[in-house]
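Annotated in TrEMBL:
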{"type": "TRANSMEM", "residues": "12-29", "note": "transmembrane segment"}
{"type": "TRANSMEM", "residues": "44-64", "note": "transmembrane segment"}
{"type": "TRANSMEM", "residues": "126-145", "note": "transmembrane segment"}
{"type": "TRANSMEM", "residues": "157-178", "note": "transmembrane segment"}
{"type": "TRANSMEM", "residues": "199-219", "note": "transmembrane segment"}
{"type": "TRANSMEM", "residues": "239-264", "note": "transmembrane segment"}
{"type": "TRANSMEM", "residues": "284-303", "note": "transmembrane segment"}
{"type": "TRANSMEM", "residues": "309-330", "note": "transmembrane segment"}
{"type": "TRANSMEM", "residues": "342-365", "note": "transmembrane segment"}
{"type": "TRANSMEM", "residues": "371-392", "note": "transmembrane segment"}
Amino acid sequence: NTSLMNKFKTIFGICVIVGTVIGSGIFISPKSVLANVGAVGPCLVIWAACGILSTLGALCYAELGTMIAKSGGEYPYLMEAFGPIPAYLFSWTSLLVIKPSSFAIICLSFAEYASAPFYPGCDPPVVVIKCLAAAAIVIITTVNSLSVKLGSYVQNFFTAAKMIIVIIIIVSGIVLLAQGKTENFKNSFNDAKISAGSIICYVLINISYFTIMTSTELLQSQAVAVTFGDRVLYPASWIVPLFVAFSTIGAANGTCFTAGRLVYVAGREGHMLKVLSYISVKRFTPAPAIIFYGAIAIIYIIPGDINTLINYFSFAVWIFYGLTVFALIVMRFTRKELKRPIKIPIVIPILVTIVSILLVFAPIISEPEWAYLYCVLFMLGGLIFYVLFIHFKFNWAQKISSKYMYYR
């Protein structure tokens, strides 16, 4: 009768949400966004547009979450709307692609910022970054496997650190703008490769970056926030890499906490090995699921770099973001009897679904790569396991794991 701890303090819930929403992207992605659009103006427009899209998506998930109050992320929504096969494919893809690659990206971001102060004027060695990232994964999975309370303390502390560094960067940028540091915003749409559209936070941080760095300098920076700190906060510039590292650790911890429970649900539903649904009767944590999740993330770190993993992750995740929001539209007509404490205008999920489709097909059309095909084939490969182990119920793997595994 052992079950997961299902009651947490409100502050922990807030810290998990803030910690995972404001992750490592705002410290890593500005360079990639600027490289693709070519100018400051469109760069800021894209950040604002992404913030609006995220807000609309959050509204869709708010309706789904209050309508179907079950654990497992998008899994129960897809199950209710489309049945077991799409739900299983989400579970399969999320467990082996989306969640571990996200965990790996965040920990690689942590490693870059943690190592940057020790290699001034040059990029840290790749092996150092990967080893630091792997160590972070091991520590975080250990903490979340040992104690929910310890994991919550870690989350609360690092989320507070995250908000401190965000405030430092934003306030510094405002002060510099007030002092007339606006030269980098002149002709901000020149050389743009496109036409000139949480939002305020991300845009203000990017504005702060551009008050002190030109487009060329930002593109050449290995760690954008560190370069900002060196120029604005010297001699206290060490604050920036330290607190950015804290920020990314907080994001990784929140991701591990939530994703570990998704693995647990998959094991409980019979979609993965039964051992992944085991719970410690002493600690009330899904330790086998969390350890499995950490191991897959380390595997992604070995051959991958941040940009490759971001492309791989984004392509896969937007397929299921779009499908989940589309499920909301479908259930407006097929599940009218469900209570909806929050009900948003149907135009919002329609818009988010259309944008999701564009985000899935845009990289394939503009820059086709074999990685996208491999990702699709890997996701569809889950159908083989569904047919064998779910439809035909070949349970030899479950019997083997049950025979040799007993976890306390």
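Note: Cβ is positioned from N, Cα and C throughout, glycine not excepted.
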Between the stretches 126-145, 157-178, 199-219, 284-303, which wins on the count of C-beta pairs under 8 angstroms to the transmembrane segment (44-64)? 199-219
Restricting to CB pairs under 8 Å, which listed stretch, 126-145, 157-178, 239-264, 309-330, 342-365, is in contact most with the transmembrane segment (284-303)? 126-145
Would you say the transmembrane segment (371-392) and the transmembrane segment (157-178) are touching, if the rule is that at least three C-beta pairs must lie under 8 angstroms and be 6 or more residues apart? no
Test of understanding: applying the rule of at least three C-beta pairs under 8 Å (pairs 6 or more apart in sequence), is the transmembrane segment (239-264) touching the transmembrane segment (126-145)? yes
